[in-house]
Each structure stands twice: as C-alpha cells, then as structure tokens.
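Q: I'd like to ask some things about the structure below.
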Amino acid sequence: MVSMTASSGRRVLLAAPRGYCAGVDRAVIAVEKALEQYGAPIYVRHEIVHNKYVVQTLERKGAIFVERTAEVPEGAIVMFSAHGVAPVVHEEAARGKLATIDATCPLVTKVHKEAVRFANEDFDILLIGHEGHEEVIGTSGEAPEHITLVDGPGDVAKVEVRDPSKVVWLSQTTLSVDETMETVDALKEKFPQLISPPSDDICYATQNRQLAVKQMGEEADLVIVVGSRNSSNSVRLVEVAKLAGARDAYLVDFADEIDEAWLEGVSTVGVTSGASVPEILVEQVLEWLSQRGFEDVEIVKAAEESITFSLPKELRRDLRAEAAALVEQRTGNGPSAE
C-alpha cells in the first residue's frame, strides 16, 4: 500500500465542467417524472443513459430497461433513451399499442433532422461514429439507403459515393473532437467537395469536458475518469487525457474500483466524469483520494454551461389513458366511432 500524508504536496485537479449534460439531466428527470405521474412500471428502450449507477437507481424505483420494443407488454408506456431511435422503432411501438415518451437528446434529434434533410436532397451522407453505438443505429435508421458509417480515419480508404459533388458528413455527438476532425480531413482529401453540417454535431458538453481534460492532462500524472465502459464520451475522455500528456488515465464506475497501485509516484491526480455521471460518484472518488493524502483540490475550469432542455411533451398528457384506449381499439371494446 502507498504511504501518504496530507503534507506530501499531493493534489487533485478537478475538471469543470464535468458530469451531467443537459440532455442526460432531461432524460433522467423524464424517467423519474413518468414514474411519479403514471406509476411503475415504466419501460425504457435501452439504458436511458450509459451509466450503471443511474440505471440501477431507476430500476429500484420501478423502471424496466429492455433492448427490444417487442419486450414491452401491449398497452404499456415505453420511453426512448437519450441516444435516439430509428423511425422503425416508433412504428413498432405504434403496432404494439404502446404509449411512448421520447427522451432523445435534442442535440441528437438535430443530427436526425440533418440526415433526413440531406437524404431528401439525395446526398450521400458519411456518418462518422462507432459501429453498434445506439446513437449511430438511430441516426442511420433515418436514411439507411443514403448513410455510410465511417468509424474513424482507417475507414476512409474504403468509402465510396455515387457523386463526389453531393456528399456531406455528419457525426455521432459524443466523439473525440480531435479524432473526428482527423477523419474529416481524410475525407476532404478524398472528396474535396465534401460538405460540412450546418452546425457542429459534436455536442457542447462533449467538447467542454474534453477541453477541461486537455488542460488537466498537461499537469496530471494520473487522470481518473468516472464513467461506465459503454459510455462513448467517458471512454473518449480517457483517450484525450493520455494524448494531453497524462502518464496514466483510467475509467471507473465507482471509487472502490480505483487501484492504489495507480498512485505510486503520483503527486497530481486529475478527476473528471462523463456526461451521464451524477456528481455523487465524483464526490466518492474525491473522498477516496482525500483519505490517501490527496486533500488539496484545485478546479480546472474550461467553460461555463447554462444550457437546459424542457422535458418531453408527452409528460404533459395522460399516457395511461391513451395506452388503454389504444388497446380497446384493437380489441373492439372501445367506444363506437359512429
């Protein structure tokens, strides 16, 4: 075990901003409000956000997370996660007589609308993102015949388009800014007339958290990122920290996952968290470090954030009654249309 004292000059650099973004905050509150208004169970298609603690907490309150719409009983309420879903999922829910709440992050919805717009104009769309990620699946589903996935610079060589003068790039919102631009540069070299999206697709929170980590990584020997392994933006923070100069960087869900061996020879620890991580988990990491002599905490502030999103409009309706009416229509027990 590493021997430490409070006077050893050890310090913590705490990133700001960190943790919940506006889209995650909106989605989590939406589940809590739905449970409060309609009672359990509330079904959620896929994890509402990619964080183990958040999902487990909501499960205890009565949320049931499913991977397929077919797993939701007829007449139930189902919420779509912050990552967004393809149009076919909305169609499945309608066929299943489900009342739906769409908690898709508005910034993801923006990318969906861009995909539809460019598809309607018959562009080839090069979607920069990670294969299999829920957000990529949802966006691709908006225009599957027009979208080609580009999973990093290594994919560029094999990309083919119908007309090099009608090609546009879009991106997953949670990517590394630097890697995305590296991919874009490679695409522009191959397709000089490549069009950029009308506004930046990588979300403000992803960019701000990466900027703070870059500043931190210049001074930190070790960076601890609080986040789950299936969280794209959290994984990217580990990568950014290493590229910024940190000797080591690790991803943990909880403080008890930290290995004391990581602290050998370390005087400065950087701490941040992904956009789907509640602050309580960061506080537990800070307490863990404090108990081992890292009591001096300095804030590394990269940006101010004040963005908020309104809750899904469906939470202003009586969804239980709507779901029951849908089932009655199917069984023929509902009121006559005559």
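Using the three backbone atoms N, Cα and C, a Cβ is placed for every residue, glycine included.
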Q: Which one, His83, His90, is listed by Swiss-Prot in the same dimethylallyl diphosphate site as His50, His133, Ser231, Ser232, Asn233, Ser276?
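A: Candidate listed by Swiss-Prot for the same site: His83.
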Q: Residues near the dimethylallyl diphosphate site, His50, His83, His133, Ser231, Ser232, Asn233, Ser276 excluded, by Cβ within 8 Å of the Cβ center?
A: Val49, Glu134, Glu135, Thr174, Asn230, Ser234, Gly274, Ala275
Q: Could you say whether, by DSSP, Cys105 ([4Fe-4S] cluster binding site) belongs to a helix, a strand or a coil region?
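A: The residue in question, Cys105 ([4Fe-4S] cluster binding site), is coil (DSSP, three-state).
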Q: Between all pairs in His50, His83, His133, Thr173, Ser231, Ser232, Asn233, Ser276 (listed as (2E)-4-hydroxy-3-methylbut-2-enyl diphosphate binders), what's the biggest Cα distance, rounded to the nearest Å?
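A: About 15 Å separates the two most distant Cα atoms.
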Q: Between Cys21 ([4Fe-4S] cluster binding site) and Ser276 (dimethylallyl diphosphate binding site), what C-alpha distance do you get in Å?
A: 7
Q: In which DSSP state, out of helix, strand and coil, do we find Ser232 (dimethylallyl diphosphate binding site)?
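A: Ser232 (dimethylallyl diphosphate binding site) sits in a helix per DSSP.
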Q: Round to a whole number and give the Cα-to-Cα distance in Å for the pair Thr173 ((2E)-4-hydroxy-3-methylbut-2-enyl diphosphate binding site) and His50 (dimethylallyl diphosphate binding site).
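A: Their Cα atoms are separated by 14 Å.
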